[in-house]
Amino acid sequence: MDTSNSPRTTSETTPLVSAGTSKKPKTPLPKLQIGILMTLRLVEPIASMSIFPYINQLIRELGITGGDDAAVGYYAGIIESLFFVAQTLTVLRWSRLSDRIGRKPVLLVGLSGTCMSMLCFGLSTTFWGLVVSRCMCGVLNGNVSVLKTMLGELTDSTNMAQGFALLPVMWCIGGFIGPLIGGILARPQDNWPKLFAHPFWSKYPYFLPCAVSACTFVLGFLIVVSFLEETLSTKRRSNDDQEGLSQTSNTPMRSLLTPTIVIPIANYTMLALLDIALMAILPLFLSTPTYLGGLGFTPARIGLWMGIYAMANGIFQALFFAKIVDWVGPKRFFCGAVSCFAPIMLMFPIMSWLVHARGMVDHAITLTLISQLALTMIWDMAYGTVFMFITASAPAKNVLGTVNGLGQTSASMARVVGPAFATSLFAFSKEHNILNGNAVYVIFIVLAGVLRWLGSQLPDKIQDRDE
């Protein structure tokens, strides 16, 4: 692609689709349809993140650890991983099904399944009840891949960056609301004894945050039914076009396993592994008693910290993501963002040392935690960029669903391993005092170096799919 007429001539500082945008104006985003997709993207993290503030306390109350606080991480990691185990087995099938029957029916099934699974989670009083409900959520939910596919179909080379920049923003907003719901509404009979005096709330102390999360999926279901338009080409074109497109949609999976597609997916997979590990370690570290090297925060305090971080992250990405990517280029930005993971990990043992030295959580520890969360904001911005690389890697729109399905399947596999691997390493490091309990952080710093190398293999600029 010729960039001689572009304001910037070097490939690394060229905006995402600089050659395209220098020759033709940006296509306006279809605001209503994009808005609906972003609403659906919003409700997903509300459900997934709402359990993090109280999951460790719930595990303790179930009594399966025998009173051993250091073992809570093992069981919490299993619960957090089960959703992704089930999703790994089914998300590609949902994506390919959406290529045949349409995006909208698959979205409706996903919303219904997640709603039911959240209600079941809140009504579970045994460990196996939690297992079944989380598996149900993963099996019936292929929406993340379908949402990215629809966004790719609603955008073109001139506005793809603008559209995909919204995905992490909505995730952050949902990530703000979810932990607040989980942290504030868990055990309502303790916080508002007069309002929640019925024995039901003592028997099911975590049903309220699950029920509120489920209501957001009911709202999303109604919006999709009423206003969302189908984007699958075979559902919008003439019969002749449908016949031709249906033939090309049956592209063999093996033909898509090219370096152009595999490299962005590999980056997404490693990014997902490290990110879900961080999201599992952070609340576990915050809730771990101070004598074991944690901060000893309550679920409400954890929810408040995670909620404030998610909201600040969403605002930061909304204001600066597209500008920074245009300024430094997608590849440079991605590599810089993932380089923040190592210092993020280093701040965990720093806070543990400060707690041990000072005997309490003071201003120095709070400042370190704020600095860690600030670096995590930059780290999270890598998602928007890697989504664009994956979407642009699809050789044609008729295989976009399959490519996104492959990416989501790989990421889900990483998220299967991530929480259990991270929390088990955390518990093992603390129990056996390996490297003073810090072995878990060393291992993830090494893995961050692998991701940094993978980022260097990405193309220098985003491919123009229209050309």
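Note: Cβ is positioned from N, Cα and C throughout, glycine not excepted.
So that you can see what the record holds, here are the features copied from TrEMBL:
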COMPBIAS  1-21  compositional bias 'Polar residues'
DOMAIN    33-456  domain 'Major facilitator superfamily (MFS) profile'
REGION    1-26  region 'Disordered'
TRANSMEM  72-94  transmembrane segment
TRANSMEM  106-125  transmembrane segment
TRANSMEM  163-186  transmembrane segment
TRANSMEM  206-228  transmembrane segment
TRANSMEM  261-282  transmembrane segment
TRANSMEM  302-321  transmembrane segment
TRANSMEM  333-355  transmembrane segment
TRANSMEM  367-390  transmembrane segment
TRANSMEM  434-455  transmembrane segment
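Between the transmembrane segment (163-186) and the transmembrane segment (206-228), the number of CB pairs under 8 angstroms, six or more residues apart, is three or more, so the stretches are in contact. For the transmembrane segment (367-390), same-chain residues at least 6 beyond its ends with a Cβ under 8 Å from one of its own Cβ atoms are 16, 148, 160-161, 164-165, 167-168, 171-172, 261, 264-265, 267-268, 271, 275, 278, 295, 305, 309, 312-313, 316-317, 321, 324-325, 330, 333-334, 336-338, 340-341, 343-344, 347-348, 350-351, 354, 403-404, 407, 458-459, 462. Summarising model confidence by region, the domain 'Major facilitator superfamily (MFS) profile' (33-456) averages a pLDDT of 83.
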